[in-house]
Amino acid sequence: MDTVSASWVRSNLAWCFSPRSLYDSYSESQENKVRCIICYFQRICLQMPTGSVSFERKLLSLEHHPWQSFLSYPYADFWTKSTIPLCPFQVHSSGLIEDHAIEALEVDFANKYLGGGALHRGCVQEEIRFMINPELIAGMLFLPSMADNEAIEIVGAERFSDYTGYASSFWFSGDYVDKRSVDFLGRRKTRIVAIDALCSPRMKQYKLKYLIRETNKAFCGFLDQSKYSQYKRIFKMNSVQLNEGSSLPIKAKGESRTEEVRKSDEKSWRLEDCENYIGIATGNWGCGAFGGDPEVKTIIQWLAASQALRPFISYYTFGLEALQSLAQVTQWIILQKWNVGDLWNILIEYSSQKLRGEADVGFFAWLLPSLPK
């Protein structure tokens, strides 16, 4: 770490943990954030961690170049005509993303400036993650704000603290020993992707422009850039030239060629690359403090995970009342054998009605009026 970077860390930590910062407007949550950082320094003083942490800025290119090794930013036609099958959807009414039982890409409900208020007074999902995995803070040094076509993936951050509560009830509850294994680069098998949602979008979140923005943001985060050639092959068989922004043809009913290819590739992932058979662990991204519609954001993440060819999405509702029927709705959708394009078009229809004032209920009740109220 150079002198400038070290000075930046010292000044921010000093501000965050100074007596004036803590006690001019004292809060227990701020004190407990400090306890997490103290726990980290106590641990590394006893035994310095080994291995490495990697930070990757991911993007969907706004331009097409023949030599590029990443996908281009999709527009409405891409989503409208996609015939990629929807991936399995698991609902967890309790539990936390960071405690997910099997390896998955864990979503950080990020600020466009990585870390958000981690070194200030913020104490919601992203800031808490940065406190219990303090190595994430290093990324705040050199990763500038994310554009609409960007996401940040971090692999290898070790967890040092346990906690309870959230926001004002956040409480450091002791030392945490991270038992996750490491990969061949010496990184903990903890994969975190930071994606920033629209802030306080209100009615504009139902406009096509912003639905595309949010879906592409999640898609960018959920893509595995190392599988570019595989994406390119599968999407081409689905008649998609992603780099040229052209669209998918509508296929006849029954098992499409894309489904056959995907099944074949899933089998090869299991046999040849089991360690990279990684789904998505997420929750109420873009909701809460960001003010997004939780039902719409759930569907957006499902579309993005499916299009990114992830094998599953595990969704933690954190007990949110608006998502009580999520398991029932997702099971019903899967029974319809819809693909990404089908679900996208239905979401667009609902959003259009919402903007016209013709839909006065949430997406789930609009889709399934028989749901218990």
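A Cβ is built for glycine as well, from the same backbone N, Cα and C atoms used for every other residue.
Going by TrEMBL, these are the annotated features:
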type: ACT_SITE; residues: Asp108; note: active site
type: ACT_SITE; residues: Glu126; note: active site
type: ACT_SITE; residues: Glu127; note: active site
type: BINDING; residues: Asn111, Gln125, Tyr166; note: substrate binding site
type: DOMAIN; residues: 12-57; note: domain 'PARG helical'
type: DOMAIN; residues: 77-324; note: domain 'PARG catalytic Macro'
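Feature map: annotations from TrEMBL on the structure.
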residue	record	CB count, 10 Å
Asp108	active site	27
Asn111	substrate binding site	22
Gln125	substrate binding site	24
Glu126	active site	24
Glu127	active site	21
Tyr166	substrate binding site	16
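For Glu126 (active site), the nearest neighbour among the recorded positions Asp108, Asn111, Tyr166, judged by Cα separation, is Asp108. Distance noted between the C-alpha atoms of Asp108 (active site) and Gln125 (substrate binding site) is 7 Å.
Here the domain 'PARG helical' (12-57) returns a mean pLDDT of 83 for the predicted model. Residues Asn111, Gln125, Tyr166 are listed as the substrate binders, and the farthest two of them sit 17 Å apart at their Cα atoms.
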